[in-house]
Amino acid sequence: MTALETPAVESRVEPEQSGQGGKKDDAQHSRLTAFKASPATYAVLIVISAVLFVPFVLMVSISLASDHTSAQNAFTIIPTEFTWTNFTDVFTATGLPVGRFVTNSVIIATLSAVGQVISSSLVGYAFARLRAPGKGIMFILVLSTMMIPMQITMIPQFLIFKELGWVNTYLPLIVPNFFTNAFNVFLVRQFVSRISNELDEAAQVDGLGYFGVYRKIILPMMWPILTAIGIFTLTHAWGDFMGPLIYLNSEEAMPLALGLQYMTSTSNAMQLPPWNLVMVGSIILTLPMIVIYYLGQKYLYEMNLQGGSAGVK
Amino acid sequence: MSSNIVGDALGAARSARRTGRRRTKLSRRGKKEAFYFWLFISPWLIGFVGFLLGPMIASVYISLTEWDSFTEPQFVGLANYTQALTEDPIFWKVLGNTFFYALISVPLSLVIGVWLANLLNKRVRGRKIFRTLIYLPTLVPLVATAMVFKMILAPSGPLNDLLGWFGIQGPQWLLDPNWIKPALIVLSMWGAGAATVLLLSAMNGIPRELYEAAEIDGASSWRQFWAVTFPQITPIIFFNLIMGLIGAFQIFSQVYILAPGGNVGGPDNASQMMVTLLFDQAFSFYHFGYASAIAWLLFVIIMLFTLIAFRTARKWVFYESEVR
């Protein structure tokens, strides 16, 4: 199992992030025309990155606009007013339980991540280390399920959860995560396959059972990939819109991603949504993702190395 | 995203098939190990049967019935499929919308991604700042992105104000059937930075000797890009193309959020996509049979694209191993 052949589709992603590590090369090959940065290079880079970044800036500057400016739609790209009270008003002045939205998001995202981490580590360990007849077929099954779009199972799943009386609870969004998914199983399995098995064989000789080996030897070594899976699940569950839209219709149960949409749709056609507060909400939705990305960057990177990632988004 | 996973998955499947064939008599120890194997994978196995295989079979059956979940399902054979493909005028429009969106937004954002990566791969001052500016928008959750665009694209919103300074009367964007799809495509460009970062690290791994050789041969930087850089990054472009197309066919949240006034299809159904139609049919009208049929048609389209992509890959994807 350890000698995995990697066929043709081999990417050339190098371990170093592009910014670092290239210094020596740069100095040595600075005269190569392919790497010469002309004024046009800068012009294009500045224009495109500015265009990509403007909506982000708008989000911040509108979140700081006063109610008056917001109602007039008189926004500026660079913030001119700093109505910091918006950041408290969003919780009190919208007529919606925004604080509750945030709590719901935290609960759903955290428990989803916990579920994926526990279940994928168990299943991935088994596929990497334990031998059993039928394992090969099971693994092919795991891989083939990666291709099935969720829309196929969406309706029957809804009917199952409705039958169980789980509609309007967090359960339909959280529980499936405790049964892992093919992608995470694959990642853990690849990661564990690359750990030398001398240690767990020695432990087995010393009388540690299979669960003991998992718990005491493998689990402590798995944490880089488990952190990556945790981050990935967290960000996915945090930003998920369709799942909550299907299963949650009471304000009390909504996560922030759905609550924000609710905030803009409750205002009728004549009356504009409170854009400044909606943007505060968008920032609350965005900030944890940026923080998590910067804290977890190297683990997500690890995931990349271990056989591809689903991207951060 | 990296293309590693495709290769790894194929390789893993191949080696799994090899080891899977071996049939030996199990010792007592082997039996115990096998027992633990099934115990450990039981979370996945239960999930597979309960949340995937079971629902898939149910979905096939539901797609062959007319069912609103309140009364007994009525078996109608392939009527839902023929209704979608021959009778429902909306369906073909929706298919057209989805293809229009996917076939423009995905290649376009890849072109931008490659372009940016190639520029950043040069000796640029402040590369880190540019990279952050390009990557940060991809960390914004889709819902937040959609909110910002909903505001920017309002009839009297910032974009039309900007156009007004140049004396251009901006369109009604989300209210105009001709402009809502371009608006959705513009929104998707915001994710171009994700591919850029991966492509950039791939470009960084290309041996500099190749460029030196090209330089000696007198190739221009344009020629060097097409002859040296591009062939080396095609696997990643290819992988991003397939995954991007699959993702684009399933576009939902942006459309749902941007569609004005709770009308999911947008003005004149101009922004109705496969999945929004499916969602509408299932959860607004309780046409579970018809919605399931749409889901399977979507599945077929996704599979077709994946197959075409893999079939044609040999022709234009450069694998270093082939040269060896």
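Counting starts with 1 at the first residue shown.
Cβ coordinates come from backbone N, Cα and C, glycine included.
Summarising the annotation, TrEMBL assigns domain 'ABC transmembrane type-1' to A:102-296.
Summarising the annotation, TrEMBL assigns region 'Disordered' to A:1-27.
Summarising the annotation, TrEMBL assigns transmembrane segment to A:40-65 (among others). With a threshold of 8 Å between CB atoms, the same-chain residues lying at least 6 positions outside the transmembrane segment (A:40-65) that come near it are 75-84, 86-87, 275-276, 279-280, 282-283, 286.
Same-chain neighbours of the transmembrane segment (A:106-127): 135, 138-139, 142, 170, 173-175, 177-181, 184-189, 191-192, 214, 218-219, 222, 226, 229-231, 233-234, 236-238, 244, 255, counting only residues six or more beyond its ends whose CB sits under 8 Å from a CB of the stretch. TrEMBL lists A:106-127 (among others) with the feature transmembrane segment.
Here TrEMBL flags A:139-161 (among others) as transmembrane segment.
For A:167-188 (among others), the entry in TrEMBL reads transmembrane segment.
Residues 105, 108-110, 112-117, 120-121, 124-125, 129, 173, 177, 184, 187-188, 191-192, 195, 199-200, 203, 208, 255, 257, 285, 288-289, 292-293, 296, 299-300, 302-303, 306, 309-310, 312-313 of the same chain sit 6 or more residues outside the transmembrane segment (A:217-238) yet have a Cβ under 8 Å from a Cβ within it. Annotation source TrEMBL lists transmembrane segment at A:217-238 (among others).
Counting same-chain residues at least six beyond the ends of the transmembrane segment (A:275-296), those with a Cβ under 8 angstroms from any Cβ of the stretch are 59-60, 62-67, 69-70, 73, 75, 83, 86-87, 89-90, 93-94, 98, 102, 105, 227-228, 231, 234-235, 238-239, 256-257, 259-260, 263-264, 312. Residues or ranges marked as transmembrane segment by TrEMBL: A:275-296 (among others).
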